[in-house]
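TrEMBL has this to say about the protein:
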type	residues	note
ACT_SITE	1237	active site, proton acceptor
BINDING	47, 52, 55, 77	[2Fe-2S] cluster 1 binding site
BINDING	117, 120, 152, 154	[2Fe-2S] cluster 2 binding site
BINDING	267, 268, 269, 270, 271, 272, 273, 274, 370, 432	FAD binding site
BINDING	744, 775, 889, 1056	Mo-molybdopterin binding site
BINDING	891	substrate binding site
DOMAIN	8-95	domain '2Fe-2S ferredoxin-type'
DOMAIN	239-424	domain 'FAD-binding PCMH-type'
């Protein structure tokens, strides 16, 4: 660190208010400063690496050279506060507030039902708001692009995008894609159209309620910042922190002076590379140099032979500049510009593009760089400058591969980049393939350029660069040189492929794995470029009789929707700091199975701010409860198990100390990671579960054909936006402990904490206001983590704030169970299935958790919608040395039934039938019994299937897809339709009980409390609707605060779509009790007002408080007899999905999805449709983009947004139709049904459509007369699987390494 006399003041504005920081610390981020110093908690912490958008804010800067104000979105978790000198920051609190004025963006997000859990909502608001500050009348494409960097795990994105599109010139108000009006106001589509749909209103909000957007009412840019920017006497700024120094030069010579003095200091512009490296790789820099807003770094000149772009331009500014140039120049001159522009649309999210700079992108020379290969192919030149002078170097293979002679010298900086214009016979392309379409690092990317002799197809110059196949971007220079002078034809292509494979080879155990896929992509991307050049050369309705004040059945906005949108909905980490509060950081095991030899905490305890290190020895009560271990003791059983925790005065101190704890291990055998390994060692968590009907073995002898197969279904990360967060506050007397946390099961937390502290449960109070998403991940895990935090609070005697970082959350809490399914199916030539034998194994991890219940669900739900007269299913939960997998939306059903659909598809293939024909043939058709002897009527199932077939125009679209496939060789279209019979509830009666507490106050207002937890699914909203109907008062009279073990004891978990069913009955019971008490008062004054009745009841000493109780559905399951009434009712549905598959890259695009869901009577159609859409998109992620990767030693390699890809706004269907089908459900409140989980499996229609497209590709390659095959399917159907399944001449060229000769980088654990 340089020896400096002092620190300058940091000046910036936040929401119009001046902020002056006397001693700013360069290591402090804007997110930390907003939340901890300014107490602006609307900006959320979710990932910490700029990948989710939850912390999006708007930064505004004035340019003295252009005299313009630029507004741009940033992720606050990556922005050092020292970079904000002279900037204005706007957070969600500055946009609007319930207390002052709700902004139109916030209002429309809420009223369009674009919030569920609400944790991501402030970031969504800021992305749309920033767009509108720049483009008050945006296009629909701009709205979608603006949201590309924001993740949502709840909604499925459709209502969020729709809220943004209401600001467009032609907004839509319903799901049927017609501009401007509701679908009922449109004329019917032409008869015979493939897309003909029934007239059906899906209007969920009234656009006339929206307040208009008036750009003139937005806050002005602070004049003081304009004066600061135009100050001619600006000087270097120095910000001295605790460990680091930030230097901000005012001129270019000053920058070069600093560069010479501190050659190792990173130049900070956007901090999108250095920031994550500091946080996740532990890098440390004593000095930072930040040359923001230097005019020499912001030049733009498009005159002459090319474009000169200053290195300080952000990628978003580069995109704007290139768009302008492309619109002005002839197309043959802008090949490189257009290739860059296409890549910039998919590179990261708009926030990162607004922060990252061209100079930083070039200088880092990262192997995953999307732009550098294109810049190299386009023969770009880099302009360098230092104190010694200026020079220009080519951005070529030598530079990108890190050659010392071709790189930057000490003291040099990138001043600008020169992009030459292309010529008439030059073609430039950028190509990439990633795990998802946008905001994902490329698996392989490429920049390619060919210059042909004028008027011919003879190669004059060829440039091919690849990223993602080595430690740097690599050039196929040898191969390209050999092809100069050759004709651009098929023979050249074959030689190019062979040459590239010989020149550029990955070792079989290469970091990142996917070696064969990456080799194939090299050839596929080359072929796509070849084809491009060749082508260029060749040139919901409500009962009308219902009282208008009754909210049941109406699309009522989420009761916290506006608070979500304004950032005023408080989550646990938004709670103010408590006096003497400490922060907790974890030390987790680095071994999968090992003995703990020693734990050395000496160095950690010696660090400043550290108060205690907590281990198993500090647990007052049980450290192992029901098989779940709080702190590791004597041995560790998985990578990620909590060994100890560190409590310190700040999280930074706690995290630093945790890294200093030294744990010595001694490995123990066996180390079991995969299901196959567990089967080999007979390692199980629970006994086998089985159901059987008919005589399976005998039936196999009397069928036309028998096939066998197996399907691997990998796990899934919950990826709730709010990570596990706990605030544990010890009370001074009676050994009481108060916990604030986001959980689905407060009673379970209470039990575990009481056990760990060795106190009665009545000393533990758990408060749960809301959770930022859960999806099953907050059923059991908060109990274990709550115990960990409570023990720390007990030992220190001080409050503990325990917030898991995203990577730690993914590592510790695990997720959906990976599953191995084996099937044997006997069927007739007609496609009728006579016998099925199924075996299921799930990877439960190292402790029991919910694995036994999950495997029971798997077995009970394994028939899906099909009647198989001879059916057997067996299942077991395997014990492995992975973190324990747990509950997840669908609870085993999405994994198990995709195996069922796989064998349905296989039977269809062998019978030369459509899979849909086989499905319909074998579907339940009349009142029947399940394989476990529970009676049910499948009539709603048949109706959903029939309606989906008809309204999706399935058969017409299937014929159109077949026509498309006959004409297209490298792109295939797939179409699939899936039925569903989903069970609600659990086979244990006492898990269905619920209680509620309702108070009526003397002013007539009502306080409602129940045992259910608000997770974003709209449970509280529906409970207020129930109370409103039962009490006959508007919902505005009713307030619902929180769920607490103090008010409603012994509540069961909120999961399995049972929340409304059971808590609604309890609320109804309490309200009916109160109304019965009020009846004498009402009868005497029938025309009186509610407030008058309440006042009179009080005067007559009538109790205005009542508890409500629901005993529960009387379900049961006898596993010895293999029969029972296991579930209270079923939800039925059907979904049709249509996809396009790129056979060369493995990419797919979901074109359309139609969902028909048996909702019976929907209490709140907006909430239910939102749940269905969100579940469908989450299911689509499970089956396509979401891939968890483990090392052979059991370490999770996918720990964050960079490595794990949930769907983004660009993955949702171009057409998305959801229809609620009416039926009756007399067992549930108001004849409704729980729909939150059922839609998850319907996402399998997407993977089935992908299978259909892949099958078409394989059939074409192998010939129409080829023998029917059973495609070896797996989930997820990643780009890797799709590409390698679409076998062709390129996959045949790839060398296969002997698996026994190397250790793979990652393995499948199913």
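Glycine residues also receive a Cβ, built from the backbone N, Cα and C atoms like all the rest.
Considering only the residues assigned to Mo-molybdopterin binding, 744, 775, 889, 1056, the longest pairwise Cα distance works out to 12 Å. Apart from 47, 52, 55, 77, the residues listed for [2Fe-2S] cluster 1, the same chain places the Cβ atoms of 31, 44, 45, 46, 48, 49, 50, 51, 53, 54, 75, 76, 1201 within 8 Å of the centroid of those Cβ atoms. Sequence-distant neighbours of residue 744 (Mo-molybdopterin binding site) (same chain, 6+ apart, CB under 8 A from its CB) are 771, 774, 776, 778, 779, 782, 1013, 1015, 1053, 1054, 1055. Cβ neighbour count for residue 77 ([2Fe-2S] cluster 1 binding site) (all protein chains, 10 Å cutoff from its Cβ): 25.
Residue 47 ([2Fe-2S] cluster 1 binding site) counts 24 other C-beta atoms within 10 Å of its own C-beta, drawing on all protein chains shown.
Across the structure, the residue listed as 'substrate binding site' and residue 77 ([2Fe-2S] cluster 1 binding site) are spaced 34 Å apart at their Cα atoms.
Summary of the Mo-molybdopterin site environment: with the site residues 744, 775, 889, 1056 set aside, the chain residues having Cβ atoms within 8 Å of the Cβ mean position are 774, 776, 777, 779, 887, 888, 891, 1015, 1054, 1055, 1236, 1237. Distance from the CA of residue 154 ([2Fe-2S] cluster 2 binding site) to the CA of residue 267 (FAD binding site) is 38 Å. Taking the Cβ of residue 52 ([2Fe-2S] cluster 1 binding site) as reference, residues of its chain lying under 8 Å away and at least six apart in sequence are, in sequence order, 46, 120, 123, 150, 151, 721, 1201.
Confidence in the domain 'FAD-binding PCMH-type' (239-424), given as mean pLDDT, stands at 91. The distance from the Cα of residue 273 (FAD binding site) to the Cα of residue 775 (Mo-molybdopterin binding site) comes to 32 Å.
The shortest Cα-Cα distance between residue 775 (Mo-molybdopterin binding site) and any of the binding-site residues 47, 117, 269, 271 is the one to 117. With respect to their backbone Cα atoms, residue 1056 (Mo-molybdopterin binding site) and residue 117 ([2Fe-2S] cluster 2 binding site) stand 17 Å from each other. Site extent for FAD: the farthest pair of Cα atoms among 267, 268, 269, 270, 271, 272, 273, 274, 370, 432 sits 28 Å apart. When the C-alpha distances from residue 271 (FAD binding site) to the recorded positions 47, 152, 154, 1237 are tabulated, the minimum falls on 47.
Sorting the binding-site residues 775, 891 by the number of other Cβ atoms within 10 Å puts 775 first. Annotation for residue 269 (FAD binding site): spatial neighbours 290, 291, 292, 312, 355, 356, 357, 359, 360, criterion Cβ-Cβ under 8 Å with sequence separation of six or more.
Taking Cβ-Cβ distances under 8 Å and a sequence gap of 6 or more within the same chain, the neighbours of the residue listed as 'active site, proton acceptor' are 889, 890, 891, 893, 982, 1056, 1057, 1175.
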